[in-house]
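Peer 1: Questions regarding the structure given below will be posed in turn.
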């Protein structure tokens, strides 16, 4: 009988999607041992099977979620399923755009794939972790793999510098999280998020506020929110571009999932305090991220500051704390996956053909490569929030949710900074399209001839076409996508409790 009860409480089926990722890690490491030629052939196939199986198992869990597993340390509720699916998809696209880049850099493919899958495993586990210990293990799994990926180009001093900076700042963030967790454990005597939330309701104190600040600092680091963003531009510029693409979506999505769960569960009695702090972070991120992006000359640094601003937009939905706001958050992160990775696909293709990352070198690109120009233009317009792109509808849902919840200042600043972002996105597009042939950059003048045939497309081109198509046409499906996001929120018990409490208070 005790063994049966233990098995029921374990609910190991909750982590079947992560188990497939783990099998993929083992498989890629084994083929890597067989030699680079074998790894180049089989590592991509193993990754596709691993991620595809994980996504399929997540789809099966959608109608039968597990709301408590591993003695309450992990939840595979609908919200966790949605975030884990976004992360798995971002990994799939990131790997598609990385194979050619990794081969050209002379790096081992099997080893690279294993580290990317390890980061994915940590990110997916973080989305459903409901215990301070499981959160820390997931955070560190994601973080250590991210450090390795940032410094993967061992012969490139910029990559090594990026990895060292990321390691130092990330280690400090982990230490801050542990310090805050020790306060929470000392106040409650438990490591379970829900139990801690119940225990500290009647214990408002300086220590509790300090724990909130420490935990929020860790969240801000993971989502690259101002003023915890300093690592982002340098790491993005120095790291391999496919790694930057993954970190900008997969790692950030895991950070937002972590934020929603711990703030809504553990600090539900400090609702006003953490929402005020989150509002400040959102305003600073939207303002600084988009304003500083105006002055960038590197495409990767511009996208780095753009991602900081995008984090500020997503925070509007979390601060609103309503059904529509949280649903808009899920929808926008799904949209961000395609429009951001689509932009990075174009940047990688351009850098592989030219070796350049400078924005000025894109001058006149339309004359030599109209398809990259079109793809990058559509993705940048979507990031700026122009209709009828998918990003426009994502932002509209966020702004409507914020306005309905009386977050007027946040929405107004969001609208103003969106206009600023449109300016620097359109500046890049104008440079690619408007320049006359004689005004094209020297890089573009010597641009190689391109065959854009459909037959035998390499993975990078498949990823580019898919992301651009979803970005451009996804606006048509924005309503069904929002309904899916709404289901993820409405079918998640802990969120419904929080939303009901907020409605009663209002």
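Quick reminder: no glycine exception, Cβ is built from N, Cα and C everywhere.
Here the structure is a predicted model, which means the values were calculated and not measured.
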Peer 1: Per Swiss-Prot, which of 374-394, 437-457 is transmembrane segment?
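Peer 2: Matching range for transmembrane segment: 374-394.
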Peer 1: Residue list, the transmembrane segment (330-350) vs rest of chain: Cβ under 8 Å, 6 or more residues beyond ends.
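Peer 2: 79, 82-83, 86, 89-90, 93-94, 97, 101, 241-242, 244-245, 248-249, 252-253, 256, 299-300, 303, 307, 310, 313-314, 317, 356-357, 362, 365, 369, 372, 375-376, 378-380, 382-383, 389-391, 393-395, 397-398, 460-461, 463-464, 466-468, 470-471, 474, 478, 481-482, 485, 488-489.
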Peer 1: Near the transmembrane segment (374-394), which residues from the same chain, at least 6 beyond its ends, have a CB less than 8 A from one of its CBs?
Peer 2: 306, 310, 328, 331-332, 335-336, 338-340, 342-343, 345-347, 418, 421-422, 425-426, 428-429, 432-433, 464, 467-468, 470-472, 474-476, 478, 482
Peer 1: Looking at the transmembrane segment (79-99) and the transmembrane segment (240-260), are there 3+ C-beta pairs under 8 A, with each pair at least 6 apart in sequence?
Peer 2: yes
Peer 1: Are there 3 or more C-beta pairs under 8 Å linking the transmembrane segment (276-296) with the transmembrane segment (108-128), counting only pairs at least 6 apart in sequence?
Peer 2: no
Peer 1: Would you kindly check 42-62, 132-152, 167-187, 409-429 and say which stretch has the most C-beta pairs under 8 angstroms to the transmembrane segment (240-260)?
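Peer 2: That would be 132-152.
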